[in-house]
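Taken from TrEMBL, the feature region 'Disordered' covers 1-25. Annotated compositional bias 'Polar residues' per TrEMBL: 1-11, in sequence order. Marked as domain 'Arm-like repeat' by TrEMBL: 188-501. Taken from TrEMBL, the feature domain 'NACHT' covers 652-757. Sequence annotations record features per position, and here TrEMBL assigns repeat 'WD' to 1239-1280, 1281-1322, 1323-1364, 1365-1406, 1407-1448, 1449-1490, 1491-1532, 1533-1574, 1575-1616, 1617-1658, 1659-1700, 1701-1744. Under the heading domain 'WDR90 4th beta-propeller', TrEMBL lists 1456-1585.
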Amino acid sequence: MSRSLISSSLNDVPPGDTTDPTDEHLENACNAETSTKAMPLYHNVEAVIKDEENAVVNKRISDRTLNDDVDRTYYRHEEIVEELEQHSKAQKSYGEAEMWRYPDVASQHSRISQSANPNASILGSAQQVIFTKDVTPSIAGFTLPEVGGRITSTLQLAYCISLLDSSLISNEELSKTEHDWSQAMINNPDEQARLHTMATDITRAFVRDELKRPDIVIEATNLAAVLEYDEFRKLLQVFIDGIGKSLLLNFHLLDGLSLLIRNAPQENIDLDDLVKILELLGDRFQDTHQQSAQHIYRLVLTISRVLDSMVDSQVKGIKREQLHEPLSQYLKDLQKTPDPSMVYRAVYAYQALQYIPDDETILQTLLRRTGKVAKGVSGVVSAVKALNVNDFIKELMRVQESLAGASEAISMASDAYQNAKALVGSGQGFLESLQESFSSRKSAWYPALRGLDLLIQGGRLSEFETLIRQAPCRKDPAYQWGVCQRLGELAINMFWDINTRQCAISLLGEMYADDATWGQLASTKQLTLRILHKLSESSEGELASHAKGLLLDLEMNGDSEKRSLYQACMQEDQSSYLLAVTPPSHESSRLLDIVQNKPDVEAPLLQLKRERLKEHGRDVYILPRAKTSANATKTFDLTSNVQEFLDSGKKVFLVLGDSGSGKSTFNRALEINLWHKYSKTGGKKIPLFIHLPAMKDPKRDLIAERLRQANFTENQIIELKLYHRFVLICDGYDESQQTSNLYMTNQLNQPGQWQAQMVIGCRTEYIGSDYKTYFQPTGRNGSGGSELYQEAIVAPFNKKQVQDCIEQYVDSEKLLWRAEDYQRAFEQVPNLMDLVKNPFLLKLALDVLPRLLGVNSDFSIARITRVELYDEFVHQWIQRNHIRLTEIDLCPRDREALKVFLDEGFCQHGVRFMKDLAIAIYEEQGGNPVVHYSDHVDHKTWKKAFFDNCDGKNLLREAIPFIHSNGQYRFIHKSVLEYGISLAAYDPSARVETTQQEPRISRRGSTSSAFSFEDTASIDEPVVAMEQHLLDSPFGRKSFVHEPSVVQFLVERAQQQPDFRELLLAVIERSKTEKTARIAAANAITVLVRSGEQFNGADLKDIKIPGADLSYGIFDSARLDRADLRKTKLQNIWLRNANLNWAEMQGVQFGELPFLKEDDAVYQCAYWHDGKTLAVGLRNGSFSLYDTSSWEKIKEFGRFEGQQRWPLFSEASDQVAFIGPDYILGLLDVKTGNCFQVLKGHTDWANSVVYSPSGGKAASGGRDKTVRVWDIDTGECIHVLRGHDNAINSLAYSPCGYKIASAGFDGTIRLWNVETGECIHVLLGDGTEVYSVAYSPKGGQIASGSKGATIRLWDVETGNCIHDLRGHVRTVYLVAYSPDGSQIISGGQDKTIRLWDVETRDCIHTLPGHSTLVSCIAYSPNGSQIASGSSDATVRLWTTESNYIARVALGHAMGVNSVAYSPNGSHIISGSDDKTIRLWDVETGNCVYNFLDHSERVGCVAYSPKEGQIASGSSDMTVKLWDVETGGCFNTLRGHEKAVCSVVYSPNGDRVASGSDDQTVRLWDVKTGGCLRIMHGHIGDVNCIAYSPKGDRIISGSHDSTVKLWDVETGETIHTLQGHEGHIYGVSYSPNGDQITSGGADKTVRLWDIQTACCIRILRGHVGTVVNVAYSPDGDKVASGSFDKKLRLWNVETGQCLTVIPGFNGSVFGVAWKSTSNGECLVTGSIDKSVRHWEIIREQDEYTVQLHWSSSHDAFTAIDASFKEVRGLSKVNQTLIDQRGAVL
């Protein structure tokens, strides 16, 4: 085996390259049979190598060939050793070969490292390179100040002065920055004088200082290299006197003396100085000799440093008898101490002493030969740069050979671990190994360690590692000890980066583990473990973890002896002076501050930090998540997101969120986190939390005002402004009622101004559509700063966050409930989980639920709302403080006041005080929640009534949820203030008890529909008093419309308290005659509309509600004539058949714009660059211009002579192109109507024309497969870009104008260089035709739309597809970016426009409205509007954002497919695409229950005749049977193989029939769930079925255009009814069973005779597919719903259409009838998500329909509404309501 291994190595050596006798010995090794026999033979090779190596080193042989033989021999020899699995030995020789520069060693080195330790964990592989890169050294890296600039430390000052030497200008070692600065300073004598004077002043300040603190000592010695001779002499004398005259040895001065000598220029130190210093140290050594080991160690350490400095400073001519003998003897005496650390330090100092006497020391010779001698600060840097490590190692090898005693030390390091455990405590083995170093000989390890010091100072860590590994003395115990010390000090020194420090730890681990390289000296291993143990205990988290992990790895390293050594080392007492680190200070000291007149800011900053940390406490805190927009579904960690922002160059981060979402909590947690970082890492950014409502004028001097609050002086504030950076955490932007851009008004980050980043918290509901202008930084010219701005919206808690909060809360409090009790309540109490996803409400709920619900309650029957949580929270808070006040000692005055409160009801007093205080804050301070109160200043203001201490007000303030600090008072949360304000309108605990006379207020007309209020009996005085109280409260004085949180509290009151609801209605009634009731009436109707109140048929004539918000309100057939509706918000209001004649309508806002009706299909639309004009181009070639302020047509252009196709527009350009004869392009000036340029070259029609951003060029592309670039001025074709294989559909210029993107029928997008005509990228999508392409505003992204129904986003740089946006169901013809690049709009063949969020890729909105495909879309230049054109000859106008607050949907989230009445008519069920079934109360319209179990859309529902049961069919292929009482699914009927489309009960309720897309009808047994029969016969989907009244027949309608009549018992087909010309979607049996009706895709309703199976009547009128039909209860009418968004009622006998119900915003899929005592009712379900209940009213032969209630509504409806003689309605709004079918 060994022969094969060795032979393979020999075969790799080129012929003629082998050397003798090495090859002979290798050949002998080859003949060995085993590795055991081969190993001794290789020692012969080692001996030959050693001889050759010595010959080369000692220059006995100068032949380069022999030198090459040495390196090659090492390499070949160790290849064999490695193959014999002697990895550590092989690694050693590879290191030698590397030193001799063998060319292949690098790869082999790496290979051996991996094989030596393949399973390495934190320890890493043996001999693997650890320091892979150099880093900025800890004493360099200073910035160079501007003229007169602040100096931050004396090191920086020394660095600057060292560059003032004019001789450095030609120094190539200077960087360009250093060179330029030096040149500028040399030409500025005043600045030179300033710097030198500063150094002198600092020295003199140090001389005067009496304490001589350590930091001051270091700062003073840093200047040693740049001081003038006289100043240096004064400084040196201070140190000498301080050491010599002090009774106790001053170690700080000792350390400083060492640094002073090390840094000083040679010419500043005299020989007598050094003699005097050494004599002084010798004397102090004698004085200290009898003191503690700590004192002795520190003194020896200082002596070592002084001696190092003397060696470095080239001291010459020192007499042995004056210095050496006494000091040598002192040091030799220390060899007897049992402490290894002390012995090492002594032997190190002894060796340094040996290097002093010569005229030129060996170390200086080494440095002279391999680099340059260090001198001062700049000298150290130069020496490090000049040091050649390879040459240095070779010189060390020569020194090693020339010095005696090396071999003994090396052999000592090779000893095994024999008796290692016994030696650990005494360190005897190590002491013996150092005896040789106490001889008079010099050792090579000393200069090697000094070389390491030099490399550390320069940050050349990779070479530092090389020297450690390759130094010839590397097995010397003293060298190893010194290396360990330096690695330990490198690891513990915080001025190095964390990676460097971890590398030092890893190298320590290798020195312990790799015995082959480092030997088995127990003391070295012991030292390594002690250092690692110290690092694991005293370092910060990440570093300590690294050290601990390494110790765990080392525990099992080696054999049993070594493991025993490990155990013994870890059990010993650790030395307290193991590592000595004096890191250079970069921070400014007190001396520098005094010289520069710098005020102390650190002390007040630390005080501020302590105060903020103390104030924060230990509240429950859950890390919040956030999203990029309100409609985004993806969330992310907000903390990490903000940290990334802080680490970036961005300036403003806006944190948005609803009330109680946790914005303030997050902001406070962020502040605390940043304070901890500031303290821990010495970070320069100061966190400053600013509660904006507490600031007098946040618009100006924001930071200074906050610092003044924290007691900073003006000088300190100026210092912070000029030289520090901040993170401003501005909370409560909305609460402070701000409308200013605080970043801009405070001039942040401008020259001479505060340097800061801002994190701003604001409520989402406070901002408008253009909110970014209030936060985004902008340039001086008003240019946008979106790249400096970031935002996020705090997301509601998810279930895990709720659970985490519960667990933290339960752990921190003594509670009645356990965590599982809370979890059960949140899961079982209806809607409670949704409520507590708001963090503040969650905290309220955790506090109040145990008392509110009790223990062991049935949570499923509980109902809890937001306002109930606040009621209980406030009550419990006051109650707890009531108990606390009764248990503490009070002064007599307070005791008397408390007695009065207790007698009259303490809680009632507390609530009343809270309510009055909230009202006062709201009215007196404009909603600013923070009250500043000073008794001296405010004793005559409104504040005195609440904040003086008379009449027990202090007790009430303590009792309510109100806090104060430093003269500032506020409620604990803004929402508590808003809750208090809501109590002003209605306080349940204080409502006036009225008599039981009923009714107090009655409705005129139908009790179910008409609201008008008149006296039917005398109204009690208490009722009048309640109304008057409401009018006199803030509810009657200020509009609450813009206070959504207050309104929401009142909405919940109105929903829960009938008397409050009636009170609001009464106030509305009073507004008809009382002007003083207008504000209250506007607030009242706003609250009622938000609460779901519907005013169908209400008499609201003459009401005065200016400024009200009626958005999403339902006013079907209501009387609003002569009403004052000025400035009301009417977004998505339902006004069908309403009367608004003579109403005041100035300033009303419908929230949408009218569409523009054209004469032909719209193919082009574009906004002009100023946004004031919209151009619309038609298929017939004409185009028009519209004024965007009035939407009036201002100019119209007909088809031009010779024009071939429709005009072509380019976004934001005022030019129009048209195609003339021979495919020429004409450019039209729309101002003159003249063609100013003709572009010739295309050989087929052009499809797209775009203009360059500069306007000087145009590009066109079309059917001839080319893109042509034109010079507009000359008409010259600059480039013809070829590459597409088919017609080009769309072009886009990049924002910079250097690139063009083209999209074509060939399925590709091509990016072109405009200047060269080169194709840069070809982007391949899904292979389908690409119709549109658009560049993002910043140019880094492209969007494209294709036939594959996708929008693709592309990276311009790489050409890669970033993401696909899916949602369209047919071809996407158009894409466009918003001007700020945050959104994309798309339109296409599916008739919809979709709005996308670019960052989240979520579809924000789907905008329906067009009746045919969308052919063009455009953004307005400011991004606030979208225009879309269609083949339906309309241009629709959309607003991208709305400032309205939509009513929360009360019903289905998606389209409704089916509806049915309960047998007794009291309830309705509905099935929806949202996979749910809902149960509705017929009278109130309230949703009673929501059934959840289907996994796909619910297409059909049916009520059982047995009342308590319902059935549903779904696309999940199941029929489910439900128990109405429990809401549970008690049976799932499976068998259908496709979606279930229809389901119906038999008349007796025992059976269910279902029809499916699988073309079958199935009959099921309700009791067993078994399938009784499958009816086959249809050859298309079965869409609808119905049971005959007798239950013996079933009819079904199908895609196969037939209606089949089935025998239930046999399953046979009785009749097949044919006549429809398309799919059949609806069938129904007449109540008497002799007729059926059907409706289908042919838009007809057909009536059939059962007996004859003949069609007896065809009802025509619908213009869309009929999808549902139903007979009225008496059978004389049929209702039909259609795709045309209308419901029609038909007379069965005559076929006449009795009435049409329009107003639906989608197809009417569901319809059902019910008889009432007053007539008949209808329920409808529509794709517009609504369930609507209608009353059928017959007056003689006329039928009308009035809406009873609607579950939801999301579109403006004004069909048949009357707006005659209205006043103030703008022309735009008149056009809008006219288009909606209103009568003007």
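In case you wondered, yes, glycine gets a Cβ from its N, Cα and C as well.
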Could you pull out which residues elsewhere in the chain have a CB under 8 Å from any CB of the repeat 'WD' (1239-1280), counting only those six or more residues past its ends?
1204-1205, 1208-1211, 1213, 1215, 1217, 1219, 1222-1227, 1286-1293, 1295-1297, 1300, 1302, 1304, 1312, 1314, 1317
Six or more residues beyond either end and a Cβ under 8 Å away: which residues meet both conditions relative to the repeat 'WD' (1701-1744)?
1006, 1008-1009, 1134, 1136, 1449, 1451-1461, 1465, 1468, 1470-1472, 1478, 1480, 1482, 1485, 1664-1665, 1667-1674, 1679-1689, 1750-1755, 1757, 1759-1760, 1781
Chain residues in Cβ proximity to the repeat 'WD' (1407-1448) (below 8 Å; excluding those fewer than six residues from its ends, i.e. six or more beyond):
765, 768-770, 1044, 1089-1090, 1092, 1109, 1111-1112, 1129, 1131-1132, 1151-1167, 1169-1171, 1174, 1176, 1178-1179, 1188, 1191, 1211-1212, 1373-1374, 1376-1380, 1383, 1385-1395, 1754
Hey, which bits of the same chain come close to the repeat 'WD' (1533-1574), Cβ under 8 Å, at least six residues off its ends?
1496, 1499-1506, 1509, 1511-1521, 1580-1587, 1589-1591, 1594, 1596, 1598, 1606, 1608, 1611
Are there residues at least six beyond either end of the repeat 'WD' (1323-1364) with Cβ under 8 Å to its Cβ atoms? List them, or say none.
1286, 1289-1296, 1299, 1301-1311, 1370-1377, 1379-1381, 1384, 1386, 1388, 1390, 1396, 1398, 1401
If we skip the immediate neighbours and take only residues 6+ beyond the ends of the repeat 'WD' (1617-1658), which ones have a Cβ under 8 Å from one of its Cβ atoms?
1580-1581, 1583-1590, 1593, 1595-1599, 1601-1605, 1664-1671, 1673-1675, 1678, 1680-1682, 1688, 1690, 1692, 1695
What residues in the same chain, six or more past the boundaries of the repeat 'WD' (1449-1490), come closer than 8 Å to it by Cβ-Cβ distance?
1008, 1092, 1094, 1496-1507, 1510, 1512, 1514, 1522, 1524, 1527, 1706-1707, 1709-1716, 1721, 1723-1731, 1733, 1748-1752
